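Quick look at what TrEMBL annotates:
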- 98-253: domain 'Sodium/calcium exchanger membrane region' (DOMAIN)
- 284-425: domain 'Sodium/calcium exchanger membrane region' (DOMAIN)
- 68-91: transmembrane segment (TRANSMEM)
- 97-116: transmembrane segment (TRANSMEM)
- 128-150: transmembrane segment (TRANSMEM)
- 162-185: transmembrane segment (TRANSMEM)
- 197-220: transmembrane segment (TRANSMEM)
- 232-251: transmembrane segment (TRANSMEM)
- 283-302: transmembrane segment (TRANSMEM)
- 314-340: transmembrane segment (TRANSMEM)
- 347-374: transmembrane segment (TRANSMEM)
- 380-401: transmembrane segment (TRANSMEM)
- 408-429: transmembrane segment (TRANSMEM)
Amino acid sequence: MMVAEKPALGFQAHGDGDDELELELASPAPPPRKMHSLEFEHIGSLAAVAESLAPGSRWQRALTSVRVVIFQAKINVLLPFGPLAIMLHYLSGTHQGWVFLFSLIGITPLAERLGYATEQLACYTGPTVGGLLNATFGNATEMIISIYALKNGMIRVVQQSLLGSILSNMLLVLGCAFFAGGLVHSDRDQVFNKASAVVNSGLLLMAVLGLMFPAVLHFTHSEAQYGKSEVALSRFSSCIMLVAYASYLFFQLKSHRSMYSPIGDEEAAAEEEDEKEITQGEAICWLFILTIWISVLSGYLVDAIQGASDSLNLPVAFISVILLPIVGNAAEHASAIMFAMKNKLDITLGVAIGSSTQISMFVIPFCVVIGWMMGQEMDLNFQLFETATLFITVLVVAFMLQEGTSNYFKGLMLILCYLIVAASFFVHVDPDATGDN
């Protein structure tokens, strides 16, 4: 009877009785254990899904995100200055200097929080894409300010603020990062990927080339059509520079990704796991919210520039080249120093030099094309003084990066160079300031 029942239970009787007994004892045991583990896995996954979909859990997660992004950072005590600037703009139209200062202070924590949200998003994307994201959203403030100024016909403010952003990133941001990283790791030189730094230096020199020829054409009075050839050359060069930047992105993210692998990649990846404080979706939402709020304040900031220049007795060139970029680069400044102190020099360079590359090869040509669409004659003639300043800065930074190492002394030299540039623009009178503004 037992032999007859075995096939009904799914066993086949082959061989001797001992074999059948072993089969009978061994075969039924695994299925219950397998079903038991699967059952617990399903119960666990269903519980996790149910918990994530619960309304209380979503609200709790949102409140945690607000606490981390808004209330955890001490710099956010400056956030009320933004609404105060808007109120002051409508209550008193004569105090443009105060509106400018309050807008400037109010944008600073927003730019820093924009950098924080970008860093959180970068934790999910990897170091190469993370550096690109840092540079892109770090430049969102400058791009928004530039579009507002371009819309108002303030072409020189656009040119000078973008130039100032490049100078600030290459000298002040990179200098402070090298200096802080060098002090923390004073026992040795910090090392970074020299190959990627050389590629960025080449792109910056190409940007100088694109900016130099319209200026040379203008100051040598050798235009085929006076006033038109310069603009036409600028628009053509801008299109070429945009193609070059798109090719650079393909080179960096697709064809030569291995060249941009940071030194000590495994260590960095392990450390970054501990840095995730908000989810990927929350980081994207915060980027969207902060960008909108920065764009609102940028409008009031741009409207108050000329009034602030008169009331504070500061040249428009100094405000555009020095003050605006320092605020716009707050995100890059904070993140570059933080990464340098953690000995992640490749991400620091991706933020500072990558940001300068992006402004010179993408944002400036993009503004020329946008101005073309708006009917504004935005060109690449940044005037002789500004173009020469950029050329010398690119050379200085290229020499600093050629060894592939950094220390606090290199950082100090870059900071001191920036102070000389700032003093130069403080005593510089822009010949076209009244004409374009």
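Each position is counted from 1, following the chain as shown.
From the backbone N, Cα and C atoms, a Cβ is placed for every residue, glycine too.
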Between the transmembrane segment (232-251) and the transmembrane segment (314-340), are there three or more C-beta pairs closer than 8 Å, counting only pairs 6 or more apart along the chain? no
Any residues 6+ beyond the ends of the transmembrane segment (283-302) with a Cβ under 8 Å from its own? 65, 69, 82, 85-86, 89, 99-100, 103-104, 106-107, 110-111, 113-114, 117-118, 120-121, 124, 137, 140-141, 144-145, 148-149, 152, 154, 157, 324
What residues in the same chain, six or more past the boundaries of the transmembrane segment (97-116), come closer than 8 Å to it by Cβ-Cβ distance? 69-70, 73, 75-85, 88-89, 134, 137-138, 140-141, 286-287, 290-291, 293-294, 297-298, 300-301, 303-305, 307-308, 310-312, 323-324, 327-332, 334-335
Tally Cβ pairs under 8 Å between the transmembrane segment (197-220) and each listed stretch (162-185, 314-340, 380-401), then give the stretch with the top tally. 380-401
Need a quick answer: max count of Cβ pairs under 8 Å to the transmembrane segment (347-374), which of 162-185, 314-340, 380-401 is it? 162-185
Long-range Cβ neighbours of the transmembrane segment (162-185) (under 8 Å; 6 or more residues past either end): 139, 142, 146, 204, 320-322, 324-326, 328-329, 332-333, 336-337, 339-341, 343, 345, 348-349, 351-353, 355-356, 359-360, 363-364, 367, 382, 386, 389-390, 393-394, 396-397, 406-415, 417-418, 421, 425
Mind tallying the domain 'Sodium/calcium exchanger membrane region' (284-425) by DSSP state, helix then strand then coil? 119 helix, 2 strand, 21 coil
